[in-house]
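Asks: Input: one structure, supplied below.
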Amino acid sequence: MSSSTPVENLVEQDEEMLKRALLHPSSLLRAPQHLGMKVLDREAFTRRIPTVAVYIKDKRNIQRIRKAAGSVFLLDPLDRTVIDPKRLYGDEGKQTYIIPLLPSVNVDDESSMPADLAQLVKEGKVELVPKEGILTYADFGSEEILKSILPRDRYDGIHRGFTLTGHIAHLNIHGEFTNYKEVIAQVIMDKNPTVETVVSKIEDVGSHSEFRTFPMEILAGKSDTQVSLRSSGCHYEFDFAKVYWNSRLENEHDRIANLCAKGDAVCDVMAGVGPFAIPAARHNRALVWANDLNGDSYESMVRNVEKNRVSSLVYPFNTDGREFIRLSSKALLRDGGKTIAFDPNPPNAPRDPAINSKLKPIETYTIPKVFKRFIMNLPASAVEFLDAYIGLYAGLEPLFQDPSKSLATPGQEGKYPLPIIHVYTFNRHNLKDIDEAAKEICQVVSGYLDYPMRVERTDNLKDLYAQTMQAKTKENNSKKATISGGAENAPSAPGKVTSEEYFPEGGISVGYVRAVAPVKSMYCVSFRLPWEVAFRTPPKQLSEMEKKLEQMKSIWLKSDETAQWPGKLKQ
Ligand SMILES: C[S@@+](CC[C@H](N)C(=O)[O-])C[C@H]1O[C@@H](n2cnc3c(N)ncnc32)[C@H](O)[C@@H]1O
């Protein structure tokens, strides 16, 4: 080796590494190995790199130099482009035209370089100088760093495997990786500028966690679990340690919210902090009765409803879901027909149209007597609440469309369709075996309704949603072209169903939402409440709690013309 190669200048780096560097030069640019590092030492990732620098005297020659020296450029091992001189040589790389070459180039030996490059040197167009480059912790990505620390053969992409909730990254760390949890958390925080806190589950959320929250430990960053985030075009604030939130459900929240139409009455039985209810009201003007048993979720939902300015459309409650199904349905039967007013203008906007050309008219909605749909997202146990629908409308048959008759049959017009129920559940089968999952789920649903349901269709809901959105955009575009003004405030026509929502009596649709674990997937089961179940007599006996709540009906609604939904009723 000639004394002019830069390699020998690097006293810190061992022989083995240098040999490897000459054979596989790009290995020089990888993060140094620190297998087993448990406390993050950022300095230890500083790497001194032997290179030869090409100083370019006139930038007009760059193309020629590229052609001449391309085969000995020092390439980034990840994307195979020339390593950025600014990264490698700091300020000098920023200020000078300089390109790093492989350390195998010997500036004193023409035979170690391409002939065209030697020619350029002779012509004085470039100067080759042995030069040390430096890469630091900041230059390596999280994957690169973690791969160099964690047991290599079991490295499983942990740097990507976190979910982001506002400023909090939530990691699931298993097995031997738990020994490295702090170092992993620190790297994730360093490499993701929006992450300010990294948390990990202490125990499995399991069925013992009634409110689907989990005990968490803070692994890195500030110990503040109060988050503020945007999802489905709405704003949410909540304490991540006290309530349920899953950013991965945004698509599903959007999908259901988009099934809701203007003036529809919707009952969100386990509403959390409002991610179905608020977008359904904000974007689609549904009237949503939203309930959660967790007092903290309820409090956050109330604040989120106010923040998103949908207080006249979303009515938060804090009681048990089973009772809520029956009680809210009864309250609606009694109070449907009243009107509510919604002001779509920002609170501070001038209300005088002479000053404010953007002033929108106050919207009014007539409260339907019957919910269009129920949403039950508590996958671990929501199916067990289905018996609450048995006999829900016993004795009220004349109000409803008879599913055995066509809508055109005299006497059917103006009647309500029975509600659609969306109930979430888990099943051991994944998307590949969705038919098996659907069969098992159907059996369970039939059991709780005490009525033989059958599988009508299965879907991958992500795909279905994407298709629906495409169709909607098309429809909106053609509407824009043909409609000028129109029935802005008209509730969706009773009985109008989209093809996705064609539910023949007793038919369930089973939709795959996402995998939550290797043998656990989340599904959404949708069906129209069967006639026989809705009107079965004798209806279910009222529980003591239900009776108690029944007596409180009078304070739920004032009986004047414009209903003032209480919104803040807390048991
Ligand atoms: C999986 S989370 C879903 C929350 C929200 N719908 C969402 O999509 O983010 C289930 C929610 O059910 C609530 N919950 C648990 N048991 C309940 C019950 N018996 N009645 C009503 N809500 C309940 C929990 O507090 C939790 O907020």
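Heads up, the Cβ atoms here are built off N, Cα and C, so glycines get one too.
Quick paste from TrEMBL:
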| type | residues | note |
| --- | --- | --- |
| DOMAIN | 162-531 | domain 'SAM-dependent methyltransferase TRM5/TYW2-type' |
| BINDING | His253, Asp292, Leu293, Asp320, Gly321, Asn377 | S-adenosyl-L-methionine binding site |
| REGION | 472-497 | region 'Disordered' |
Asks: Around Gly321 (S-adenosyl-L-methionine binding site), which residues of its chain at least 6 apart sit with Cβ under 8 Å of its Cβ?
Replies: Val269, Met270, Asn291, Leu293, Met376, Leu378, Ala382, Phe385, Ala388
Asks: May I ask which residues of the same chain, at least 6 positions away in sequence, place their Cβ under 8 angstroms from the Cβ of His253 (S-adenosyl-L-methionine binding site)?
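Replies: Residues satisfying the criterion: Ser231, Ser232, Pro275, Phe276, Pro279.
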Asks: For the domain 'SAM-dependent methyltransferase TRM5/TYW2-type' (162-531), what's the mean pLDDT in this predicted model?
Replies: 89
Asks: How far apart, in Å, are the two Cα atoms that lie farthest from each other among His253, Asp292, Leu293, Asp320, Gly321, Asn377, the residues recorded as binding S-adenosyl-L-methionine?
Replies: 22
Asks: According to DSSP, which of helix, strand or coil covers Gly321 (S-adenosyl-L-methionine binding site)?
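Replies: Looking at the DSSP assignment, Gly321 (S-adenosyl-L-methionine binding site) belongs to a helix.
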Asks: Non-local Cβ contacts of Asp292 (S-adenosyl-L-methionine binding site) (under 8 Å, 6 or more apart, same chain)?
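Replies: In sequence order, Met270, Ala271, Gly272, Val273, Tyr298, Met301, Pro316, Phe317, Asn318 meet the Cβ cut-off.
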Asks: Could you check the binding-site residues Leu293, Asp320, Asn377 and say which one's CB has the most other CB atoms within 10 Å?
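Replies: Neighbour-count leader: Asn377.
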